[in-house]
Amino acid sequence: MTATALEIAQALLRCPSVTPADAGALGVLEALLQDAGFATHRVTFSEPGTADIDNLYARIGDGAPHLCFAGHTDVVPPGEETAWSHGAFAGDVEGGLLYGRGAVDMKGGIACAVAATLDYLAANGGQPQQSGKGSISFLITGDEEDVAVNGTVKLLQWAAERGERFDHCIVGEPSNVEAIGDTIKIGRRGSQSGVLIVDGRQGHVAYPHRASNPIPDIATLITALNDEPLDQGSAQFQPSNLEFTSVDVGNPATNVIPAQARAKFNIRFNDHHTQETLRALVEQRLAAACGNRIRARIEWLPSNADVFVTKPGGFTDLVSAAIADITGRSPDLNTGGGTSDARFIAKYCPVVEFGLVGQTMHQIDERTPVSDLDKLTAIYRGVLERYFR
């Protein structure tokens, strides 16, 4: 009998893998997958100024079609552990609920994918298809919750250099809003941050004619950049949104006009834009608002968060059908929320995100119903059966 999702999830939760630590989590998965016949690879990536990160790639089968399950075993810190009703890394079950940091995001989802795969292989002669064709892989990182530079993005590059080719991918992020089966994430908005800088001239408040106050000017520019929408949205995406998050002058004095004002902002953008065209549009609007009077510029911050979407069709229909079989629900195909590692995978193959319900992720007493683990495992099993039919 293969391991259950609950057993695998508990083993993972008992590894305190607060990013960037692994704490044995990848070893739990590697042992299970090796026993099932997967070829496994542990790959460590480095980057100056960041922690070395261990990653896991495992594959069984040969050729196409190739379905990949992707995810991360690192978790955010638990916060004040005395505030938890159960140990953050105990993996306790009470009242039908599994408690622990990562239960939802996303050790529970990984556990369901592994359990479903092991059960499917056991029923199919140990191969994705009894004909011997087809491949299943797991692409698991320990670097998603922090800087995300030594994880999925580099593991994908490593796999491509080895000749790995993915046809489709499921990321087990907690996609559902209220109940298992209500939402599939088929894309994510891009993210671009920047700093608006307005230069003035420092001076004494009693002699404003000898100074140039940048504060009214930056207020004018903030209003101008906020007033006109960037777009009206698209078929799969809500309108792009520019949001200012802070305004700073670094001036503790009450009698000095500051020399400079800075405002930080972030833009979540849809598929009407690329990072390049978005920057050009904002710069154009800034120049128009400045005219010949205001001296301002934008410092754009580095970003690897491009917009992506997997168009509704064959693969999303397949996953939706597997969901409907188990839950009776027709999932919403959604592109809301923040960024995820799916943005890297989208450059290699169509990708969707479907996992547990995300209501308690990153919270004290993060938890998931054990029944949801069972449902998600059954859905993943249904995906495998349809995919390799």
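Here the Cβ of each residue, glycine as well, is placed from N, Cα and C on the backbone.
Swiss-Prot annotations:
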type	residues	note
BINDING	HIS72, ASP105, GLU173	Zn(2+) 1 binding site
ACT_SITE	ASP74	active site
BINDING	ASP105, GLU145, HIS362	Zn(2+) 2 binding site
ACT_SITE	GLU144	active site, proton acceptor
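Shown on the structure are the features that Swiss-Prot records.
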{"residue": "HIS72", "record": "Zn(2+) 1 binding site", "Cβ contacts under 8 Å, 6 or more apart": "MET106, ILE140, THR141, GLY142, ASP143, GLU144, GLU145, GLY151, THR152, ASP341"}
{"residue": "ASP74", "record": "active site", "Cβ contacts under 8 Å, 6 or more apart": "SER17, VAL18, THR19, PRO20, ALA21, ASP22, ALA25, THR141, GLY142, ASP143, GLU144, GLU145, ASP146"}
{"residue": "ASP105", "record": "Zn(2+) 1 binding site", "Cβ contacts under 8 Å, 6 or more apart": "VAL75, VAL76, GLU173, PRO174, GLY358, MET361, HIS362, GLU366"}
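DSSP classifies GLU145 (Zn(2+) 2 binding site) as coil under the three-state reduction. Same-chain residues with CB within 8 A of the center of the ASP105, GLU145, HIS362 CB atoms, the Zn(2+) 2 site residues themselves not counted, are VAL75, VAL76, GLY102, MET106, MET361.
In sequence order, GLY71, MET106, GLY109, GLU144, GLU145, VAL171, GLY172, PRO174, SER340, GLY355, MET361 are the same-chain residues whose CB sits within 8 A of the CB centroid of HIS72, ASP105, GLU173, the residues recorded for Zn(2+) 1 being left out. Taking the Cβ of GLU145 (Zn(2+) 2 binding site) as centre and 10 Å as the limit, one finds 22 other Cβ atoms among all the protein chains shown.
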